[in-house]
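Novice: What TrEMBL shows for this protein is this:
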REGION    487-520  region 'Disordered'
TRANSMEM  58-84  transmembrane segment
TRANSMEM  105-129  transmembrane segment
TRANSMEM  149-169  transmembrane segment
TRANSMEM  181-203  transmembrane segment
TRANSMEM  215-234  transmembrane segment
TRANSMEM  255-276  transmembrane segment
TRANSMEM  296-316  transmembrane segment
TRANSMEM  351-373  transmembrane segment
TRANSMEM  379-397  transmembrane segment
TRANSMEM  409-430  transmembrane segment
TRANSMEM  436-455  transmembrane segment
Amino acid sequence: VTSLRDHSFHLDSPGHVSNNCLCHMNNHPPLLLSIPGNIIGSGIFVSPKGVMENASSVGLALIVWIVTGIITAIGALCYAELGVTIPKSGGDYSYVKDIFGGLAGFLRLWIAVLVIYPTNQAVIALTFSNYVLQPLFPTCFPPENGLRLLAAVCLLLLTWVNCSSVRWATRVQDIFTAGKLLALALIIIMGIVQICKGEYYWLEPAHAFEPFQEYDVGLIALAFLQGSFAYGGWNFLNYVTEELVDPYVNLPRAIFISIPLVTFVYVFANIAYVTAMSPQELLASNAVAVTFGEKLLGVMSWIMPISVALSTFGGVNGSLFTSSRLFFAGAREGHLPSLLAMIHVKRCTPIPALLFTCLSTLLMLCTSDMYTLINYVGFINYLFYGVTVAGQIVLRIKAPDMHRPIRISLVWPVIYLLFWAFLLIFSLYSEPIVCGLGMAIMLTGVPVYFLGVYWDNKPECFNNFVGTMTYLGQRFCVVVYPGETKGAKEAGSGEEGKELKESQAPLSQDDGETQKSADC
């Protein structure tokens, strides 16, 4: 793994591809809604069972959802300071690399590429197949092979859509977001109706904290991991900081609006679940929202699985759509082959990155146990969240005079790190194999870093081999590395140069001042 930029093609002609294919975000309401749009996905339809199972009572499960929302808000505040202090796209990868050095940054990238993105997408795809197939198997669980096959079909279809057109991908996302909103609105409204009818047995303090199994601190830590999966995506804007307009204002504003909103939705959705189901019924279901709909919606119960299936289908699409930014940030720093950051010469789609993510996700579908996968990815995610927040404290000590447009009290990162230490220690105690496997995979990146990145004087035969593989990959996928501005300079001041400069203008300007290609 090395920087292959010297071996890649730059199309410095009217067909030149600029970085601006990765579009800038305007200061509009969609920006403020982008965090809840990225957080709310399959998690709220799959995690309630995992949280309840490990929390051991309804009351403690609701506390887990509330505390996870608070901790998420604290983490988001810490990331907001880092995001405007180190204004680079790439999120915690960029922060860890700049604060702790290339090896730490590479390990973050390594585990994200090999574990986090593929596992997240596998869980969402399996949730989709569960909600599609569960109504067809009302008296039993769907067959595991059927779940895997449908999840793989979903993944392959959406990979093709994302490879074909950025516009298609964004339209799929817009259309299928409606399914998510419909399902959650129905759940919360029906829950309120149930409470008004007096159906709140499991919400009364005398029954809410009645355990159906013995409380265990290790299981409680796993409950927080399961809940944190549903809050995943809260740091989305940190991955596109360079594309934000006025991030000093919009980043904290988006956090203050979105995290409380998401916490409210999640807590009330779980309250709604227990107004219609006992804890035992909830734990017996692999598709909680389907069981909820069957109990309350009668002949209209088909609305729930369709809505959730639409939501999770859009979730897989959104994960594929955003993963390319991390690949681009890694390749720009020389930590990934530049082929993985290249985009199609006409469609502006990151085909190599999408194909790599698709293949690694298909490998994760070897198991259909979503809750094991969630523990697996949750542990690794929290490990690096803590390292990143610790980096905030380190940066305060190493560079106290650095310009910080947003500066929060160090009490908040300390609180986050205390919770982080509790979560990791007891999660490792409860699931040593699953969590240990994640750490082992992360450590395999150490020799890869020293051989592929740190070692500068590689043999000529190795460099030739890498160059040949990059060339073949580019020819196969018809992709180029997004060029900088030199294409515009070399194109001159003629008509072609004028068109090229227009195509590279920032997309954050007014609509009348810019022009995008049909697919970008």
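Including glycine, each Cβ sits where the backbone N, Cα and C put it.
TrEMBL: automatically predicted annotations, no manual curation.
Buried or exposed, and what's around them? Tell me for each listed feature.
Specialist: Nonlocal intrachain contacts for the transmembrane segment (105-129), taken as residues 6+ away from its ends with a CB within less than 8 angstroms of a stretch CB, comprise 41-42, 45-46, 92-94, 96-98, 142, 146-152, 154-155, 229, 232, 308-309, 312-313, 315-316, 319-320, 323, 326-327, 330, 333, 335-336, 356-357, 360-361, 363-365, 368, 370, 373-374, 376-377, 380-381, 384, 387, 438, 441-446, 448-449, 453.
Under 8 Å from some Cβ of the transmembrane segment (149-169) lie the Cβ atoms of residues 21, 121-122, 125-126, 128-129, 132-133, 313, 316-317, 320-321, 344, 347-349, 351, 354-355, 357-358, 361-362, 365, 368, 518-520, all in the same chain and six or more residues away from its ends.
Long-range contacts of the transmembrane segment (255-276) within the same chain, counting only residues at least 6 positions beyond its ends with a Cβ under 8 Å from a Cβ of the stretch, are 32-33, 35-36, 39-40, 44, 48, 51, 58, 61-62, 65-66, 69-70, 72-73, 76-77, 80, 184, 187-188, 190-192, 194-195, 199-200, 202-203, 230-231, 234, 282, 288, 292, 295-296.
The list of residues near the transmembrane segment (296-316) in space but at least 6 beyond its ends in sequence, with Cβ under 8 angstroms from a Cβ of it, reads 41-42, 45, 121, 124-125, 127-128, 131-132, 134-135, 154-155, 158, 172-173, 175-180, 182-183, 186, 190, 194, 276, 287, 289-290.
Remote same-chain partners of the transmembrane segment (409-430), defined as residues 6 or more beyond its termini with a Cβ less than 8 Å from a stretch Cβ, comprise 71, 74-75, 77-78, 216-222, 224-225, 375, 378-379, 382-383, 385-386, 389-390, 392-393, 396, 436.
If you look at the transmembrane segment (436-455), the same-chain residues 6 or more away from its ends with a CB under 8 A from one of its CBs are 1-3, 102-103, 106-107, 110-111, 114-115, 334-335, 376-377, 379-380, 383, 428.
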Novice: Six or more residues out from either end of the transmembrane segment (58-84), which same-chain residues have a Cβ under 8 Å from its Cβ atoms?
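Specialist: Those are 48, 51-52, 91-92, 95, 202-203, 205, 207-210, 215, 220, 223-224, 227-228, 230-231, 234-235, 237-238, 241, 247-248, 251-252, 255, 259-260, 262-263, 266-267, 270-271, 274, 279, 385, 388-389, 391-392, 395, 404-408, 412-413, 415-416, 419, in sequence order.
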Novice: Can you tell me which parts of the same chain pack against the transmembrane segment (215-234), counting only residues 6+ beyond its ends and a CB-CB cutoff under 8 A?
Specialist: 35, 38-39, 41, 43-44, 46-47, 50-51, 53-57, 60-61, 64-65, 67-69, 72, 75-76, 120, 123, 255, 258-259, 262, 266, 371, 374-375, 377-379, 381-382, 422-423, 425-427, 429-431
